[in-house]
Amino acid sequence: MKILVPVKRVIDYSVKARVKSDQSGVELNNVKMSINPFDEIAVEEAIRMKEAGTASEIVVVSIGVEKSQETLRTALAMGADRAILIKAADTVDTDIEPLAIAKLLAKVTEEEAPGMVILGKQAIDNDMNATGQMLSALLGWSQITYASKITVDGDTLNVTREVDAGLQNITAKLPAVITADLRLNEPRYVKLPNIMKAKKKPMDIKTPEDYGVDVSPRLTITSVVEPPARAAGIKVESVTELLDKLKNEAGVLS
Amino acid sequence: MSYIHPYQDTEFVLKNLVNFDQLCADAELDEVNLELAVAVLEEAGKIGADILAPLNRDGDENGAKLGTNGVEQTPGFKEAYQQFAEDGWLSLSVAEAFDGQAMPNTLSVAVNEIWHSANMAFALCPMLSQGAMESIAHHANPELQQAYLPKMASGEWTGTMNLTEADAGSDLAGVKTRAVPEGDHYRLTGQKIYITWGDHQMTDNIVHLVLARLPDAPAGVKGISLFLAPKFLPDEAGNPGERNTVECLSLEHKLGIHGSPTCVMEFKEAVAYRIGEENKGLACMFTMMNHARQTVGLQGLSISERAYQQARQYAKERLQGTRRDGSRIPIIEFPDVRRMLMLMKSGTEAMRALALTAAAEVDYANYTSDPAGKARHKARGELYTPIVKGWLTELSQELTSLNIQVWGGMGYVEETGAAQHYRDARILTIYEGTTGIQALDFIGRKTLFDKGEALRLLLQDMDLVVDELNTVSGLPPGLCENYTQAVADGREAAQWVLEHAGSDAHIAGAASVNFLMLFGYLCGGWLMVKSALQARSMLDTGEGDKAFLQAKLITAQFYCQHFLPRTRACLATVKAGSESMMAMPEDQF
């Protein structure tokens, strides 16, 4: 089985995000960028399936600026076999919306014909949590989100999902789109020789036009602002005072 | 306390001071460039931060112990070492012929900074392996190379250096360990002390490189040969077989680096093989000595960086004093705390710039084909070696001490971990040649021997930056005048030493440490000013991270105003000569 793993290049989790002075977005120029951690978990899961003999080939795909090549190289160094970059933006400030991403991924899926698409449940930059769901709808494939355990048995999937109430076990038929949650696995450290080898693995470079997909945004960002600073707390004298404040000042009790 | 690699500064130095892409192109390393270096550093940073740094405290509190089966390392070290080895980090700069990655020395040094920041006691083990591998690669015969190098490059076996004996420390002429020929090998007998990672259970074999004397060897350093003695003799398949008669007799109780076992090693007719020619052991050892000395200098940077990160975090969290509105003040707002943090930040950045600049000279000397260029780079690299070893490690004493000062009483108690870095750093000015030995090397072999030629060329390079400073606008005040003065101080000190060294037997020795420190501060200033010029030009063209570049300008300004004036004091002390130092009769001490 071939597995397709879409990965996104995002602001590194260790960087403190700064809003641009013109409030048009978060400052992404000259900021450390890395593979979206949930996508990294998806890559790791695909590699483990390959190591277990369930998967035969892992194709990683990224949609974004030219520099997303670095993100793809990380996935290749981890153990993916080849990569596709769809160069869809000239600057990091252009974010491509989930629907356009899903449409492009649907086209790539048609072309590559994988048995499974596995990707992060969301990207840590915009937290949309939409691409996987949209992709499964466009493909008409099974949709399994928030996976924390995956086993493949022939063409049947047994997946544990993390839901609000706890864990849910479901079975589904392949082909399917799976989105990875935090506890699915712990991604491996890249071996030094594999960083070198990743440079020699094939990478196709495409554009949205190659797939006939329009990536122009449908949403307009009016402004991006920092969250308000948290005000200092106060000490109340009694439970009565606390209840009074919760009712009359905070308005959380009636 | 966590550690995060300052990747942005390393990348800045590699790109702008070392010109890493050009270096790789000149060396015809087609597949290596800055982009790859950044990817390598990022992965190394993860291993350092996630695996090695959390064990640093464990090594200090639960150091190596001698058990019935030899040395037991700190719990957790073995698993960390195995991950480190399996991920290929030992093979970084090893030749491809021995299953290495053949990356340039400069990148290896940049990566080593991470290991030593994360866990210096642990990192000493791979560091010694690297040095031993280098010596074997340069001097051993092909059979020995084939039998040992691939196993060492993969990290399956580690390496050690056995030089010191009870009566042979800084002066190796006193080496007494004897090597008696027997068939195709030798039998070694003697005792070595201060052998770092001389024994442990992390790997199934250890390869000892040992200095010893042949029966008919001349006295002194001209009668020393180099031998290789494995802990287990390889069997026919090359796997560890019969136990060799070498063992750890005891461990030293030390001020710091408790996680690194410092062994007394006994060789009792141990089987050994000669490396290099008879009686040329010291020359073979010197191959790894330059490398080892620069690496110990690098440890000065690494531990200072770790201490700085700890001080920075505490200064932002610790609240002392109250504002009018009742809010408390984090101590980072107080000027004297800022002074300490800026000394640490500017000091470590200058160290990093010099360590990588020196590392690049080793690469240029290796890769340059034209003989004149090769000789020039070799001379420059050798000139830097005692400065890197001497100045970086001396400065690390001050900077790790400042970390404790920022923490105040909390730094003096062991629970916070600030004291560990200070204790760990204390060995750095001692092993691999004390500061005194580095200073004698710098003033003697590197200055007087060539009549100041290598130094003159360095000062010439420094003059170019003075010229540039006078033409660029938009630089912070304090750069130009302090730097110009420091270059003049360096030139004056060099001239004074060249003129006076012959007049009195004590002059060179008396002046040496201050002479070395002067050039340390000056080299740091030179590279910080070059960094500032680059930052200014990038800001003007709108290239790079603005906040980082502006911080670089301020850091360079602080360095020039607070570190560079020290060259004046060094110069005055150099010129004071030896009189007051040597005049007093010994019985007055």
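Numbers run from 1 along the shown chain.
Backbone N, Cα and C atoms are what each Cβ position is placed from, and that goes for glycine too.
Listed features, source TrEMBL:
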| type | residues | note |
| --- | --- | --- |
| DOMAIN | B:75-156 | domain 'Acyl-CoA dehydrogenase/oxidase N-terminal' |
| DOMAIN | B:161-269 | domain 'Acyl-CoA oxidase/dehydrogenase middle' |
| DOMAIN | B:279-440 | domain 'Acyl-CoA dehydrogenase/oxidase C-terminal' |
| DOMAIN | B:480-585 | domain 'Acetyl-CoA dehydrogenase-like C-terminal' |
| TRANSMEM | B:507-529 | transmembrane segment |
Surrounding residues of the transmembrane segment (B:507-529) on its own chain - C-beta under 8 Å, 6+ positions past either end: 17, 346-347, 349-351, 353-354, 357, 384, 386-387, 390-392, 394-395, 435-436, 438-440, 442-444, 447-448, 455, 461-462, 465, 469, 479, 482-483, 486-487, 489-490, 493, 497, 500-501, 555-556, 559-560, 563-564, 566-567, 570-571, 573-574, 577-578, 581-582
Helix-strand-coil residue split for the domain 'Acyl-CoA dehydrogenase/oxidase N-terminal' (B:75-156), DSSP-based: 62 helix, 0 strand, 20 coil
Tally of residues which DSSP labels helix, strand or coil - the domain 'Acyl-CoA oxidase/dehydrogenase middle' (B:161-269): 7 helix, 57 strand, 45 coil
Number of helical, extended and coil residues in the domain 'Acetyl-CoA dehydrogenase-like C-terminal' (B:480-585), per DSSP: 90 helix, 0 strand, 16 coil
Overall pLDDT of the domain 'Acyl-CoA dehydrogenase/oxidase N-terminal' (B:75-156), taken as the mean: 95
